[in-house]
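Report on the structure given below.
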Amino acid sequence: MKRTVPLLITGLSGLVLVVSSFIPAFQNAGEEVAIWFDILAAIAFVLGGGNLLKLHLQHISDREEGWGYSGVTLVFFVATLLFGLIKLGSPPEASVEAFGESFVPYPLASLPEFRVPGAIPPRADGALVPKSVRLQLREEAGNVVFQGWMQKAQRDDLAGYQDLQEWKCLVEKLYALARPPEQLRGKLRYDPDQRVLAFTGFMTPENRQALLSILPASEETTLLVDRLSALATKPTASPVVNVPPGFQIPPTASQFISLRENVLEIRGPMTVPQREEIVGPWSNAPVARPLPPAARQQLLTELSQSGPITENQQTAFTAYFDAVWNAEQLITAVNLAGVQDPKEKTACELLSELQAGVPEPELTTPAPPPVTLNDAQKAAIKAYTASTTQTEAELLASLTAASPLTAAQTEAVTTFFKELPTLADQRRGLCFRLLETGPLTTAQINFLLDPARQQFAWRHSVGELFVAAHQVKYPWSGDYTAQGTPFWWLYEYLFQPLLTTTFAVLAFYVASAAFRAFRAKNLEAILLLGTAFLILLGRTSAGPLLTSWLPPSLAFLKMDNLMVYIMSIFNTAGNRAIMIGIALGTVSTSLRVLLGVDRSYLGSGKD
């Protein structure tokens, strides 16, 4: 019985997994069985590891022959196990670290409650409310209650729970209530899964007072808010290099960011948008812009002073700058931004129209007439592209002076220039383009790449401050196999070379066996040796070199292509056939044991 029950469990589990692969209705059952399989596999690995320790410790204790190998195996087994379990040296997982935020634990029950009259309608399929709001949402005394502040993602999840307009309107009302004060919006949130209060960026004294005003007054709350404020105002400084000449900190950010003697300091954690602003708009780096003919000739002359420029390189130079953006692209972007889409009506507006007797209300309101650039504004953009000294701010001022721009058009101008490569990036791209068509001298390469090198050094130093100011939330969230960890070093520089050496030694025995089989002079032996020869030769540099003379029309006969074809077609088919045969053999053998036709290889309980 003790042999039959495990086989029966294994057989039934395998049957469920096979059925779930072909029948969608059994997919959940297959996932449950797979989870239990992982649990049993983990137990088996633990027992196997314990047995390994026992055997090697016994060899070492008895000083049996080869006990030194047991000692080496035991040491590295324990080291790998410890490094993998404690994730020594593993960086935290970036996707869960919430960069730019400060965390403090805070009980969910202490958050403010927001109520809207109504009820949570049940779903016809019995599905529960979305997981993102399940801990914060409840129904109480004829009201739908939300504990804490609702995020936009939670609002969207909750609105998608039901298609009824009454429900969507209720969600809109609840979202309008369950929001932080205006000065804390976009900065304050609560994570119900981790039970933490999160604040983004730098916390001003006004933010602290506003946070205290919306939380229950208690000594514990004050201590937690003070702790959060200390984290959100903690100073971090880091030296920076190659500060751009035009770098300027806006007055709105001078309260938490400062630059003194090439040392950049920030109070509180740095958010990703702040990092992008520091290396982008705040740096005021010149953007890549169309070069007039005179400016092109001047740049080409400067390049020629450091070395010769071939005719092909001059052609590539002209084509490179011809592909740069032009005035028409900016005009089109601004005009498109002036065309506003129809505004969608809220669920409450649609509900009121339905209740008023409108059978099929319009889902959107009519769009306002489009706002396009006039001739004077178009001329201002063309004048900007023809100039090499006018700034983006001056262009925006001239556009506004000619005719008012909408907020969307102003944003379109800003976004257009923000997405353009910098002048340093343009010069770097020019360097690579010229190198594709001919050689450049070291002086020419340095002339083109030096701005990009300085820009990279500046951005890298800002990135170091970003990392230094970050507050690690989940230190064990990283992958234990991440590059640079002790576990990775053991695998990459110890286990992998040993494994490679083992297979290299075995290759001689395989080749010898294949040659002996070839001497049998049958078709199978010829195919075996020929295929092995192609694969072994194709994996070395000699294989592609020997067949490099083949023309493109016969490229499929090149050694490396033949190797890929054999491995992806014949080898894959053979492996699948072998696995199918193993599976069928395992099933048939297990059934014979379960039905009592054969005895298990483990023997019976009386053996």
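Just so you know, glycine gets a Cβ as well, placed from its N, Cα and C.
For 7-27 (among others), the entry in TrEMBL reads transmembrane segment.
Only residues 6 or more beyond the boundaries of the transmembrane segment (33-55), in the same chain, are considered here, and those with a CB under 8 A from a CB of the stretch are 13, 16-17, 20, 70, 74, 77, 81. As annotated by TrEMBL, transmembrane segment applies to 33-55 (among others).
With a cut-off of 8 Å between Cβ atoms, the residues of this chain six or more beyond the transmembrane segment (67-86) that come close are 49, 52-53, 55-57, 59-60, 480, 485-487, 490-491, 494. Positions annotated as transmembrane segment by TrEMBL: 67-86 (among others).
Non-local neighbours of the transmembrane segment (488-511) in the same chain are 76, 79-80, 83, 481-482, 532, 536; each lies 6+ residues outside the stretch with a CB under 8 Å from one of its CB atoms. Per TrEMBL, transmembrane segment is recorded for 488-511 (among others).
Summarising the annotation, TrEMBL assigns transmembrane segment to 523-542 (among others).
Taken from TrEMBL, the feature transmembrane segment covers 562-584 (among others). Tertiary neighbourhood of the transmembrane segment (562-584): same-chain residues 531, 534-535, 538-539, 543, 556, selected by CB-CB distance under 8 Å and a gap of 6+ residues from either end.
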